[in-house]
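To start, the structure itself, in structure tokens.
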Amino acid sequence: MRAKTSIFLLIYSGITLLLMHSLNCEPIVEINNNQISGQNVKFQNFGVHQYLGIPYAQPPVGPLRFMPTVPLLQQPRMLKAIVPPPACMQYTERPFPWYVNSSEKSEDCLYLNIWTPSDASPENKKAVMYWIPGGGFRHGSIRSELYNGTALSALGDVIVVTVNYRLGPFGFLFSGTDDAPGNAGLWDVLEGLRWVNKNIGFFGGDISRITISGESAGSIFVGMLSVSPLTKGLYSKQIMESGSPTYLQGDLFREKNLDSSQKVAEIARCANDTCTIQDNPRAVVECLKSVDPMVLSKADFLALPDSGAFFFPQHGDEIVPDNPRIAILKGNFRCTDTLIGNTNDEGSFALTTKNPEIFGFFGEKNHQINKTTGADLMRQMLKGFPDPESAIKHYLHGPENAYSIMRYRVYTSYGDGFFLCPDVYYAEKCAEKGNNVYFFMWKHRPSGTPWALWMGDTHFSDVQFVFGRPLLHPSSYQEEEVQLSQKVIGIWSNFVKTGKPSADWPLFSRESPIFKYLGPGNSVDINGSGPHQSECEFYRPFFTPK
């Protein structure tokens, strides 16, 4: 009914029309007498309309720093959407290839990018994929060339929308009061989704076929939105890559964010032992609102110099009232048909980035470890886990000097506990609610990756294939990777359009944990044994609500 009403308004009220004209033949979208012009992009034999840097909310600056997202009051009268938007503020000292330069960042960063097939129109609607990038709630941006949606839109025949959201203290600073209520970054993602529901029809999008999707932190956001009472009716499907809010650490994120906020405030000289953010929230937050954004970003880095997450989305407010882990595992969430999965070596990046003095940041030191060192590393990496000694016993069986397997088992314990098993539990509960759930495991190490060979198929290694980077830059990849990217785009876009990744993809459930490996060549069904099944059965009692 909603779709029919939208069509009626488009055709008869004359309020909005999708126009593809101008003197320069650029695509123009008209929304309530405001115009957004983009660019025509050609990919292979397909035409794509590209719109970069569309604002979806008020700039979160000045008094709006740390606050929930304020909807955009009015779209610019004429917007030339041809320049990539700035990244949200973040401190990037490490040389990750997907990080952005300092000159490309701004606190005014709440923008969307949109790619549409050139034949999309209100009369020829396309399914929509709303992408939330990852980065540990601390890094990442749709400005990155990695998230160029041209190939995905062209070959998949879908509309691709990517969204920026606030990061680090800008997105998650928490005072325990309304002065800095937390979850600003999550509110950003929700406001972007609301903007898409309100406006994507003018670009030729079908609001009855919106799929929310993301990787790592973005995937955790997807899971949190499935718990939120504020997202009902805003999307119909979801794609989750390497992240779910069913992990144990989320139970303590309110306390963690309060502690992180105090540490950042101290480094920024807005708090000390006698003037804390908990005891003097208004004064501390007002001081932090006056701090230069680059200084505040660096304070976040200095508080935790490794690349791990320091601030997090949390529960206990209007957007996520209940603990998402408990709500999901008790079945108290609104799931949809879901494509979900993980890379084969989720935890290897955490082992090196948290211990660069041992392994090198990218694993370049290739350092082997024995059982004793492995146990010490597991105690460090599983800090906060209820019983790390039982995890050590489960993962580090074998002789003291089994060097060839200890390193693998240490990082696998982390990858299972933080990424893979929480995804499995989410998928099981989603299937229990009667939804079609499809599970994948990514099994390929991309060409040109900075990570050492021993680290395997690392966290994040699948994303470039979803967005077609091997197709956009074939000289940087092997031919089999170009073909793999084309296959992955077909799988993702089929799911966005129809709710099924392929005709032969089996359903996943706890009773029948069948999944597919994704890599060069043919996908392989694994029957009768779920991903890392014995490890996830070990972790299960710790995750199950009492």
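Backbone N, Cα and C atoms are what each Cβ position is placed from, and that goes for glycine too.
All TrEMBL annotations are machine predictions without curation.
Sequence annotations record features per position, and here TrEMBL assigns signal peptide to 1-25.
Summarising the annotation, TrEMBL assigns domain 'Carboxylesterase type B' to 26-512.
According to TrEMBL, the active site, acyl-ester intermediate annotation covers Ser216. Taken residue by residue with DSSP, Ser216 (active site, acyl-ester intermediate) is part of neither helix nor strand, so it is coil.
Glu346 (active site, charge relay system) carries neither a helix nor a strand DSSP state and counts as coil. Sequence annotations record features per position, and here TrEMBL assigns active site, charge relay system to Glu346 (among others).
Other Cβ atoms within 10 Å of the Cβ of His459 (active site, charge relay system) number 26 in total over all chains. Taken from TrEMBL, the feature active site, charge relay system covers His459 (among others).
The Cβ of Glu346 (active site, charge relay system) has Ser242, Tyr414, Gly415, Asp416, Phe418, Phe419, Leu420, Thr458, His459 as same-chain neighbours under 8 Å, each 6 or more residues away in sequence.
Residue density at Ser216 (active site, acyl-ester intermediate): 24 other Cβ atoms are found within 10 A of its Cβ, drawing on all protein chains shown.
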